[in-house]
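For reference, the structure discussed in these notes is given below.
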Amino acid sequence: MYQSPLIQDLHDRGLIAQITDAAALDKLLTEESVTLYCGFDPTADSLHLGHLVPVLILKRFQEAGHKPIALVGGATGMIGDPSFKATERKLNTPDVIASWVGKIRGQVEPFLKFDGANAAIMANNYDWFGGMNCLEFMRDIGKHFSVNAMIKKESVQQRLTREDQGISYTEFSYSLLQGYDFAELNKRYGCVLQIGGSDQWGNIVAGTDLTRRLHQKHVFGLTLPLITKADGTKFGKTESGAIWLDPKKTSPYAFYQFWLNTSDADVYKFMNFFTFLPVARIAEIEAADKASGTKPEAQRILAEEATRLVHGEVALMAARRITECLFSGQLADLTENDLEQLAQDGMPGVQLEKSNTGLIDALVASGLAKSKSEARTFIQSGSVAINGNKAEALDHAIGGDELLYGRFTILRRGKKNYGLISWQ
């Protein structure tokens, strides 16, 4: 049992992998408001689902009265963290990284409050590394790191023992940069806690050691467990790729559907990780689901809570509406924005010219039929619908009010096979 209700809650949720000095941190959190940080390197133009847990940890700490710092790695993003990566990262240009930094800041900011006694801070480590020269780095930072200790890190050893992949000095020096981030944030803002994924443990410990050496301060690290799925497949990925927090890369509808498809074996764990529902409430939901003997409610609750957190209430309502319309066949209730989400990533689709296209050709073009002969068979069997209305004429040409908002037509074969035509 922990004294700090926050640490106890994180423990109960299964969100703690390691803490550098658990007893001292637990005591400190019960005595005062602390400043903590988490770093986010711009490795793409959006954060993905794996970043959501640490973002929510910052939010949990702030709601408990502590002061969070979201550090965007404008400098470290130019290097690339080698931790447990099989190959060296591609180096992106400064202009690309600067663009990504701006986008990531915009994604993190809505989760935090930037006013009040424990107002959050957005920082960029390029602010202190950008003007530092090589001699300063080697003299003031490098002398505090033992190469012997660095080489022993598991993440480095994995690269050194691979015959086809070594590790460059650039990536090898990454932990020095991350370590100095902690020391600099301690000096500037009194930051005493760094959080990160379990793969960051070595870098975080390097930061606690460097801060002690440079500033004689006792600071802490807390790592979060690797998010795994019961079936062994990678979390946060679908057949079409990663689940992004940017709605332009993963629509709110696709985001919502991702959570709806969570397995029974994972759903309660993910409710603890990705929602602010009390642990006791999640246990009640699990007990009710198991007692009911029917379809669990947990997936719907998780999908609603997570979508609301990331995309807001309006986007959640749209995701629910799209889901219900496709289930009921009442496609007339879909808005133009709903159809744009489906065209983005919610449904297999095809772009066609507005030219009196026949239904048979449309079925083939959309992938709902392998050939014109098969398309005719589907139509004759009564299994084809246009915007939810059964289509029976073999010579039917799609047009008029079948072009929803003048832009879209939804074809259905059977009960579950959809194709969305975007008319050009």
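Glycine is no exception: its Cβ is also placed from the backbone N, Cα and C atoms.
Within the listed segments 79-83, 234-238, 289-293, Swiss-Prot records motif ''KMSKS' region' for the stretch 234-238. Per Swiss-Prot, the listed range annotated as motif ''HIGH' region' is 42-51 (candidates: 42-51, 352-361, 372-381). Note: the Cα of Y174 (L-tyrosine binding site) and the Cα of K237 (ATP binding site) are spaced 27 Å from each other. Broken down with DSSP, the motif ''HIGH' region' (42-51) shows 3 helix, 1 strand, 6 coil. Sequence-distant neighbours of Y37 (L-tyrosine binding site): residues of the same chain at least 6 apart with a C-beta under 8 Å from its C-beta are P68, I69, A70, L71, A123, D181, F182, L185, C191, L193, Q194, I195. Each residue contributes its Cα atom, and for K237 (ATP binding site) and Q178 (L-tyrosine binding site) those atoms are 27 Å apart. Its own atom aside, the Cβ of K237 (ATP binding site) has 15 Cβ atoms within 10 angstroms in the protein chains shown.
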